[in-house]
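Peer 1: Okay, so TrEMBL annotates it like this:
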ACT_SITE  HIS76  active site, electrophile
ACT_SITE  GLU148  active site, proton acceptor
BINDING   GLY154, SER193, GLY214, GLY215  substrate binding site
Amino acid sequence: MLNELLAGITANAPQQTDVVVFPPAPYLMAAADKLQGSSVKFGGQNLNANDSGAYTGEVSANMLVDCGCDAVLVGHSERRTLYAETDSDVLAKTEAALIAGLTPYVCIGETLAEREANKTEAVIEQQINAVLNGLSIQQLAKCVFAYEPVWAIGTGKTASPEQAQQVHAFIRGLIAAKDEELALNSHVLYGGSVKASNAKELFAQQDIDGGLVGGASLKAEEFLGICNPA
C-alpha cells in the first residue's frame, strides 16, 4: 500500500505546493527510498523529547533525522487524548525537534465537549501559548501550526469553512500578540476532515494556509485532489 501511495504522489505532486507525508515509523526508511529525488518531503508522526537514554521503543528526534526526515508531528489530537500528552510535553517535543533541525508541525484543537461548552478559544489559547511562551521568535519561525477540530473528525459533524476561518484568525491573532511579523509569515494548516471535495473552499479562506490531511491521504488520487483542488 505504501509503495503504491508514494508512487502515485511522487509522480503527480504539484511543484507549486509544499507536500510533506508522515508515514508510521516502521516505514520511514521505505519512504526515504521512494521519495528520493522528488519534491515531496517526509516526517515522523511522533518523537520522544529525550535525545538519548533508556526509553525502549521510543524514537528520538535524532533517529528521525537519521532516517532522512525533514519534519515531525507534535501534539497530534490522538497523542493528546490517547496518550495524555500535556502542553508541557508538546513544548519539550517541539524544542527537541528544533534542536535536531526538524520542522515541528504543532497540532492544537478542541474536543466536541469543549466546543459545546464554548471553550474553543480558551483551549486553543492554552495549547498554543505553551509553545509561544516557551520558544523564541527565531524558533517559532521554524514551526508550522495545525488546527485540528477534534469534534469534526469522525463524529459526523462538519466544520464549515467559515467556522474554520474563525478559529484560524483567532490563532493568527495569538501569534501576532507574540510578534506581528511572525504571524504574517507563519503557516497555519487546517486538519478537520480535509477532502478533495472541500479543499478548494477551505484553502480559499484568508488564514488557512493548507491542510493536515488524515484519512484522505491514504488514497493517492484523493490526496492529489487536495493538493490540486479543482
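Quick reminder: no glycine exception, Cβ is built from N, Cα and C everywhere.
Worth saying up front: this structure is predicted, and the values here are computed from it rather than measured.
Describe the structural context of these features.
Peer 2: In the three-state DSSP classification, HIS76 (active site, electrophile) falls within coil. Note: HIS76 (active site, electrophile) has non-local neighbours GLN45, ASN46, CYS107, GLU148, i.e. same-chain residues 6+ apart with C-beta under 8 A of its own C-beta.
GLU148 (active site, proton acceptor) falls within neither a helix nor a strand when secondary structure is assigned with DSSP, and so counts as coil.
For GLY214 (substrate binding site), the number of other Cβ atoms no farther than 10 Å from its own Cβ, over all displayed protein chains, is 18. Secondary structure from DSSP puts GLY214 (substrate binding site) in coil.
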Peer 1: Cβ within 8 Å of the substrate site's Cβ centroid: which residues qualify beyond GLY154, SER193, GLY214, GLY215?
Peer 2: ILE153, ALA216
Peer 1: Provide the number of Cβ atoms within 10 Å of the Cβ of GLY154 (substrate binding site), excluding the reference atom itself.
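Peer 2: Other Cβ atoms within 10 Å of GLY154 (substrate binding site): 10.
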Peer 1: Which state, by DSSP, holds SER193 (substrate binding site): helix, strand or coil?
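Peer 2: The three-state answer is coil.
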